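Q: Okay, these came from TrEMBL:
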{"type": "ACT_SITE", "residues": "B:His453", "note": "active site, proton acceptor"}
{"type": "BINDING", "residues": "B:Lys49, B:Gly113, B:Asp315", "note": "FAD binding site"}
{"type": "BINDING", "residues": "B:Gly178, B:Ala179, B:Ser180, B:Tyr181, B:Val182, B:Ala183, B:Leu184, B:Glu185, B:Gly273", "note": "NAD(+) binding site"}
{"type": "DISULFID", "residues": "B:Cys40-B:Cys45", "note": "disulfide bond"}
{"type": "DOMAIN", "residues": "B:7-331", "note": "domain 'FAD/NAD(P)-binding'"}
{"type": "DOMAIN", "residues": "B:351-459", "note": "domain 'Pyridine nucleotide-disulphide oxidoreductase dimerisation'"}
Amino acid sequence: PVLLLEPVPQNPGPQNEYDLLVIGGGSGGLACAKEAAQFGRKVAVLDYVEPSPQGTKWGLGGTCVNVGCIPKKLMHQAALLGSALKDAQHYGWNIAQPVHHTWSLMAQAVQNYVKSLNWGHRVQLQDKKVKYFNMKGSFSDPYTIRGLTKAGKEVSCCVISAILPVCSQIAGALEYGITSDDLFWLKKSPGKTLVVGASYVSLECAGFLTGIGLDTTVMMRSIPLRGFDQQMASLVTEHMESYGTKFLKRCFPTKVEKLESNRLQVTWKNTDLGTEETDSFDTVMWAVGRAPDTEALNLEAVGVKTNSETGKIVVDASEATSVPHIYAIGDITEGRPELTPTAIAAGKLLAQRLFGQSSELMDYDNVPTTVFTPLEYGCVGLSEEMAVRCYGSDNIEVYHAYYKPLEFTVAERDATQCYMKVVCLREREQRILGLHFIGPNAGEVIQGFALGIKCGATYPQLMKTIGIHPTCAEEITKLHITKRSGLDATVTGC
Amino acid sequence: SCPYSCYCLHEAAKYEKKVMVLDFVTPTPLGNSWGLGGTCVNVGCIPKKLMHQAALLGQALEDSRKFGWQFTEEVKHNWMTMTESVQNYIGSLNWGYRVALREKKVTYENAYGEFVGPHTVKATNKRGVEKLYTAERFLIATGERPRYLGIPGDKEYCISSDDLFSLPYCPGKTLVVGASYVALECAGFLAGLGLDVTVMVRSILLRGFDQDIANKIGEYMEGHGINFIREFVPIKVEQIEEGTPGRLKVIAKSTKGNQIIEGEYNTVLLAIGRDSCTRKIGLDKVGVQINEKTGKIPVNDEEQTNVPYIYAVGDILQDKLELTPVAIQAGRLLVQRLYAGATSKCDYVNVPTTVFTPLEYGACGYSEETAVEKFGEENIEVYHSHFWPLEWTVPSRDNNKCYAKIICNIQDNERVIGFHVLGPNAGEVTQGFAAAIKCGMTKEQLDSTIGIHPVCAEVCV
């Protein structure tokens, strides 16, 4: 989440102290600031974390480092290790029961690591001679940011946070519920948890909570992982169900009350049955979306246009806003993927265009991503339904396969949802439009193929690539059963 | 025969050809044998990866404590439990192959095949019963077997990878002789299961692989408790005590002088190379040329030997890679060319591979030294980086051991000609990059590809 100011020669205001002011010290902001500093520019980063409604706050680095990708993947790993412990017994390791998980040990380890990253970022900024202000503020005019230190003194720069978890509006939601902003910083186990939402945030969190042994329920109003390939989304949730996560489908909460025992009583409506139901939980976590806090930035005052529906900042292909010297990158921008690597790349390219004679624009096409649910889902390119919509089902071919990771065999693990598909154009060249993979290490599998797709990979080229044996990824190079044929797509053999 | 031939046969049977497969396993010196499926399934890739996984899980157990999992301090590994599970799975694969062949109406005989004259093969089964068969065409896919040292005590007391994966007792303190990927992968998982392991290396590690990476692999293994004895070769193996395992004395001589050393081990595993099974199958009777020195069979780019109706695939081919997927691909395409009018040939260029040592190594394309040799140092650019997998941070493990490097050809638009990654799940990481290399990717395209965060593979883009 970043707004950037660059110097304009005929600047009517006072002499600019900085060539570039970066508001938001997250993935995009830090990348842009450091890159600009490489060109010898005077850069400042303003970062401030407004405490969550529950009072949680954190250091420099933004969402990804503090309350996103990093702690998420570490807790996901903790859950995966729980499965590894079960597998290990099949592979000959004698582990005496009982085996149990202690939240506080994990949380402390994760929090310590995150803090080391906060520190690392501060050191990096220092090394690159980027000025860092832990301050909050807003635009007072198009070239000036009004900054407020914690003590309320006015200074000439300011800081704002990006997009924040949205809380439900129902009674008790804000007071008694937490969000992902709080989850990773809890000192005590969340216990029996209800996660409300169907986003990847919801499913990933519910997934690892289940994996470390907590009674976890996901409440979804409609479909899971909106925007993702829906066949894959179903496989993800099916796996989670067999993994032990409970699902309340087509339900939405109506109120949250605190009980004498300090537990939370949640009431909800089941839209399928038309009934009202209730249950009690130790923790209720809202994962119903994220929205920008652009009001605090005072963007209206300087004329930066935002999308009326989402509140996000509207930018063009060069990340410019409606005000010439103000740019925006990252989660706060309208129509862009909300991903750390795209923010970083966009930030670097922007700095190179502003200060380094480059004209290269950011390419937002074919950005790969991975959902780190208990059975991971990695993808790049178009979903099947999007491909059908763009080209027509007669013009696309989908090759698919159900497979079993070798490591699951001895471990006697269920591989029912291990699946992959490649969506191609049907015409002669058979260019690959999208690749979808569910299985262990999905991110590692997809990364290289994303590169191939960037090179315009075709289905024949995929088939010419020899597999690495034994891996899961090699099955991608062996895909040959089409959906159209109706044949059984289960891989057999060694 | 081996899995690739099974695929060939499936293909051939698809085109309604009458197909027969002769598969026979000559027992090891210690009497070990196995079922249908070849090296990969029985004594190669499959059991190797499963035992490697068992070792990785041992590490996962230790990591898990740092992630909040609590259980008894002492955790021991039971070799028999693991081996039984692995062998059961292999048994299911053997069975699966037999069923598949039956379903495709391929005739299978568990008999030793050898040529006795033009278009004629003699098949001898376990009981010595001989039968003759004729065919229009023949495919030789006999594979290889581990080489022995040719020193006193080697066949009597040492085991090879042919014995290891079904060993009915824990090998105990083990000496692995060799520096091949077989040697290092086995030493790696044995150590990971808690055994005392020593590797005796004659000269360099992983000959033929990128040596910079080979050394890093060796360093990592040493740092994790595996002993290396460099520049020595065994000259005698004696039995001190019988048993399962027993105790063996190994006497070794330096390759650089006259120094002699002795050591005591429960098991000695020889992994010094493999020899093609081409010497005793009557090739002379039909005039198939082989390389007399190596035993390998030279073929043209259509896998045809010098005798037009005799083809060969797999590990026995001269100047080709000894990999299962290569053999499968070659076999499948061969049959499509012979019976379905296809013209595609197997593409042996830029074949990716992975060494499943404790720190895994995935590679595709040129090693740094062969790139320098072929293109000249000034014409290549090497981009590299160490990295620390996120999952290793919390357990504070092995900071700065993982490594990735990409070799580009400056003269060809900085096309990526070599990809190397040393780190967890190296095979999964490398596969996609191999596909991209097949598409001719350049450094620029690599740079413009967005990473997936947070995964190890993103360090490469």
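Using N, Cα and C of the backbone, Cβ positions are placed for all residues, glycine too.
Automatic prediction, not curation, is the source of TrEMBL annotations.
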Q: Would you mind splitting the domain 'Pyridine nucleotide-disulphide oxidoreductase dimerisation' (B:351-459) into helix, strand and coil residue counts from DSSP?
A: 40 helix, 33 strand, 36 coil
Q: Which residues, in sequence order, are found in the same chain with Cβ within 8 Å of the centroid defined by the Cβ atoms of B:Gly178, B:Ala179, B:Ser180, B:Tyr181, B:Val182, B:Ala183, B:Leu184, B:Glu185, B:Gly273 at the NAD(+) site, excluding those residues themselves?
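A: Same chain, not in B:Gly178, B:Ala179, B:Ser180, B:Tyr181, B:Val182, B:Ala183, B:Leu184, B:Glu185, B:Gly273, Cβ within 8 Å: B:Val176, B:Cys186, B:Leu206, B:Ala271, B:Ile272.
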Q: Measure from the Cβ of B:His453 (active site, proton acceptor) and count the other Cβ atoms within 10 Å, all protein chains considered.
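A: The answer is 23 other Cβ atoms.
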Q: When DSSP is mapped onto helix/strand/coil, what comes out for B:Gly178 (NAD(+) binding site)?
A: coil
Q: Just the number: how many Å between the Cα atoms of B:Ser180 (NAD(+) binding site) and B:Asp315 (FAD binding site)?
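A: Cα of B:Ser180 (NAD(+) binding site) to Cα of B:Asp315 (FAD binding site) measures 15 Å after rounding.
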Q: If you count other Cβ atoms within 10 Å of each one's Cβ, which of the binding-site residues B:Gly113, B:Gly273 has the most?
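A: Per the Cβ count, the most surrounded site is B:Gly113.
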Q: According to DSSP, which of helix, strand or coil covers B:Cys40 (disulfide bond)?
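A: Going by the DSSP assignment, B:Cys40 (disulfide bond) falls within a helical segment, counted as helix.
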Q: Rank the recorded positions B:Cys45, B:Leu184 by the number of other Cβ atoms within 10 Å of each Cβ, and give the residue at the low end.
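A: The recorded positions B:Cys45, B:Leu184 were compared, and B:Cys45 has the fewest Cβ atoms within 10 Å.
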Q: Look up B:Gly273 (NAD(+) binding site) in the DSSP assignment and reduce it to helix, strand or coil.
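A: Where B:Gly273 (NAD(+) binding site) sits, the three-state DSSP reduction gives coil.
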Q: For B:Asp315 (FAD binding site), what is the tally of other C-beta atoms lying within 10 angstroms of its C-beta?
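A: For B:Asp315 (FAD binding site), the 10 Å Cβ neighbour count is 26.
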Q: Given the recorded positions B:Cys40, B:Gly113, B:Ser180, B:Val182, B:His453, which pass a C-beta cutoff of under 8 Å against chain A? Sequence order please.
A: B:Cys40, B:His453
Q: Should B:Lys49 (FAD binding site) be counted as helix, strand, or coil on the basis of DSSP?
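A: Where B:Lys49 (FAD binding site) sits, the three-state DSSP reduction gives helix.
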Q: Report, as a single number, how many Cβ atoms besides its own are within 10 Å of the Cβ of B:Ser180 (NAD(+) binding site).
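A: Its Cβ shell of radius 10 Å holds 21 other Cβ atoms.
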Q: From the Cα of B:Val182 (NAD(+) binding site) across to the Cα of B:Gly113 (FAD binding site), what is the distance in angstrom?
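A: Distance between the two Cα atoms comes out at 28 Å.
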